[in-house]
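Q: Just passing along the structure, written as C-alpha cells.
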C-alpha cells in the first residue's frame with residue numbers, strides 16, 4: 001500500500017522536534033521547563049509525542065502487504081541491537097572516556113555499588129519497546145478479526161497495567177526482562193505496560209483505514225474527543241500523584257493521551273487535504289521516513305555534547321540556540337549517512 005501523506009506529516013512533525021526536546025531535557029536548567037519554550041517542547045513531547053509514534057507503528061503494521069515470522073524476527077532483532085548499541089554510544093562510551101557528567105549518573109540513580117556500565121548498557125528505551133511490541137502485533141495480526149482482539153487487549157492493558165507494575169521475579173534474567181515490561185524510569189523509559197496500548201490501537205485503526213480513509217479519520221476525531229473528555233473527568237474526580245509522568249500512566253491519563261493522539265491524526269489528515277504539497281511537507285515526510293536513523297543520531301550527538309554544555313546548565317536563550325544546533329546537525333549527519341549508504345548500495349550492485 002502507498003504511503004499516506006497525513007500519517008507521514010503527523011509522524012514527521014513529532015520527529016522534527018525530537019532533537020530539540022532531548023537537548024532541552026539534558027542541557028536546560030529546570031527553570032527553563034516553565035518558560036514558553038519549555039512548555040512548548042513538553043507539549044509536543046508529552047501531548048501526541050511518543051504515544052503518536054507508537055500508535056503509528058501499529059497502524060503501519062497493518063498497511064504492509066505481508067508479515068512473516070522471519071521478517072518480524074529480523075526487524076525485532078535489528079531494533080533490539082540498535083537499542084543496545086545506542087546505549088553504548090550515548091552513555092557507555094562517554095562514561096568510559098571519563099567525559100560523562102557525574103550529574104547524569106545521579107539523575108539515573110546509579111549508585112557506587114552498582115555496575116555502572118551494566119546499568120547504562122541495559123537501560124530500556126523506545127527501541128527496546130518497539131522490538132518487543134513487534135511480536136505482540138504479529139501474534140494478534142494473524143488472528144481472525146484481529147482488530148477486535150487488539151481493541152480488547154488495549155482496554156485490558158490500560159485498565160490492568162497499574163496492578164502489574166514492578167512485579168518482577170528475583171532471577172536476574174527474568175527480572176531484567178520483566179522490568180522492560182513493568183519497570184519505570186530511570187531504568188526503563190518505555191515499559192510495555194501501558195505503552196502497548198498505543199500500537200494495539202494503531203492496528204485496530206489501520207484495519208479500517210485500509211477500507212475507508214476519510215470515514216476512519218472522522219471517527220478518530222470523535223473517539224479522540226470522547227477519550228480526552230472521559231480521561232479529564234476521571235483525572236479531576238480522582239486526583240492522584242503520578243511520579244513517573246507520561247512514561248507510566250494510569251487509566252485516566254492513558255485515555256487522555258490516546259484521545260490527543262487520535263485528534264492529532266485527524267488534524268493532520270485535514271491539513272493534508274486542505275494544504276497543497278510544499279517544502280515543509282517534504283521535510284516532515286523525510287523525517288517520517290528516516291525516523292530510526294534520526295532518533296539514533298540525535299541521541300549520540302546530544303550525549304557527546306554534554307561535556308561541552310554540561311548537564312542542565314543552560315538558560316532559555318542558550319537552550320534555544322543549542323536546540324537549533326542539535327536539530328540542524330542531526331539532519332545534516334542523517335543526510336550524509338544516507339548518502340554513504342546509497343553510494344555503498346550503488347557500488348555493491350556492480
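Numbering starts at 1 and runs along the chain as displayed.
Every residue gets a Cβ built from N, Cα and C, even glycine.
Automatic prediction, not curation, is the source of TrEMBL annotations.
The annotation domain 'Heparan-alpha-glucosaminide N-acetyltransferase catalytic' is assigned in TrEMBL to 3-218. Summarising the annotation, TrEMBL assigns transmembrane segment to 12-30, 36-60, 72-97, 117-141, 148-165, 188-209, 221-238, 250-271, 292-311, 317-338.
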Q: State the residues, same chain only, that lie 6 or more residues beyond the ends of the transmembrane segment (221-238) and have a CB under 8 A from a CB inside it; answer 'none' if no residue qualifies.
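A: Tertiary neighbours of the transmembrane segment (221-238) are 251-263, 265-266.
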Q: Per the definition of 3+ C-beta pairs under 8 A with sequence separation of 6 or more, do the transmembrane segment (36-60) and the transmembrane segment (292-311) touch?
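A: With fewer than 3 qualifying Cβ pairs, these stretches do not touch.
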